[in-house]
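S.K.: Questions regarding the structure given below will be posed in turn.
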Amino acid sequence: MNSEEKKLYDLAVEHLDTAYAPYSKFHVSAALLTESDKITTGVNIENAAYGSTICAERVAIFNYVNQGLTNDPIKCLLITGNTSRPISPCGSCRQVMAEFMQADTKIVLTNAKGDYKEATLADILPYYFTDGDLVDGRNK
């Protein structure tokens, strides 16, 4: 893990306790770094209506959008959780990542013990659906 990723990791671990997970007790935190070194964070937020729950990765990405950073490419997304192995994003999060990240964007999967794996969006979601697929579908 390089120094930028270590900074993201420390920030994500620091935010783990702010996750709102009264039902599962499964805390997840994410930190996102842009090319111009801006950082957004997110934690998972559960709801009694389980379908209304939102993952940490999407909260971090939606904060990135909310802060008007979409012209500042995402350089890295780091995810951590109170898990025994590095945590991996769910399918919905992967699809949202595909909307806002490039295929070669670095994703660091970690746990609160410091174990980690590095990947890219293409590694974790090789056949993702994009706006280009929408255009292709309309032109047929």
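Note: Cβ is positioned from N, Cα and C throughout, glycine not excepted.
All annotation found in TrEMBL is predicted automatically rather than curated by experts.
So TrEMBL says this about it:
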- 3-123: domain 'CMP/dCMP-type deaminase' (DOMAIN)
- ASN44, ILE45, GLU46, ASN47, ALA48, ALA49, TYR50: substrate binding site (BINDING)
- CYS55, CYS90, CYS93: Zn(2+) binding site (BINDING)
- GLU57: active site, proton donor (ACT_SITE)
S.K.: Just checking the recorded positions CYS55, GLU57, CYS90, CYS93: which sit within 10 A of GLU46 (substrate binding site), CA to CA?
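M.R.: Correct set: CYS55.
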S.K.: Excluding ASN44, ILE45, GLU46, ASN47, ALA48, ALA49, TYR50, which residues of the same chain place their Cβ within 8 Å of the centroid of the Cβ atoms of the recorded substrate site?
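M.R.: The surrounding set, listed in chain order, is TYR20, TYR23, SER52, THR53, ILE54.
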S.K.: Among GLU46, GLU57, all listed as recorded positions, which has the most CB atoms within 10 Å of its CB?
M.R.: GLU57
S.K.: Between ILE45 (substrate binding site) and the residue listed as 'active site, proton donor', how many Å separate their Cα atoms?
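M.R.: Cα to Cα, ILE45 (substrate binding site) and the residue listed as 'active site, proton donor' are separated by 11 Å.
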S.K.: Distance between TYR50 (substrate binding site) and CYS90 (Zn(2+) binding site) at the Cα atoms, whole Å?
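M.R.: Cα to Cα, TYR50 (substrate binding site) and CYS90 (Zn(2+) binding site) are separated by 15 Å.
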S.K.: If I take the Cα of ASN44 (substrate binding site) as reference, which of the recorded positions CYS55, GLU57, CYS90 has the closest Cα?
M.R.: CYS55
S.K.: Using DSSP, would you call GLU57 (active site, proton donor) helix, strand or coil?
M.R.: helix
S.K.: If you measure C-alpha to C-alpha, which of ASN47, ALA49, CYS90, CYS93 (binding-site residues) come within 10 angstroms of GLU57 (active site, proton donor)?
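M.R.: Of everything listed, what lies within 10 Å of GLU57 (active site, proton donor) (Cα to Cα) is CYS90, CYS93.
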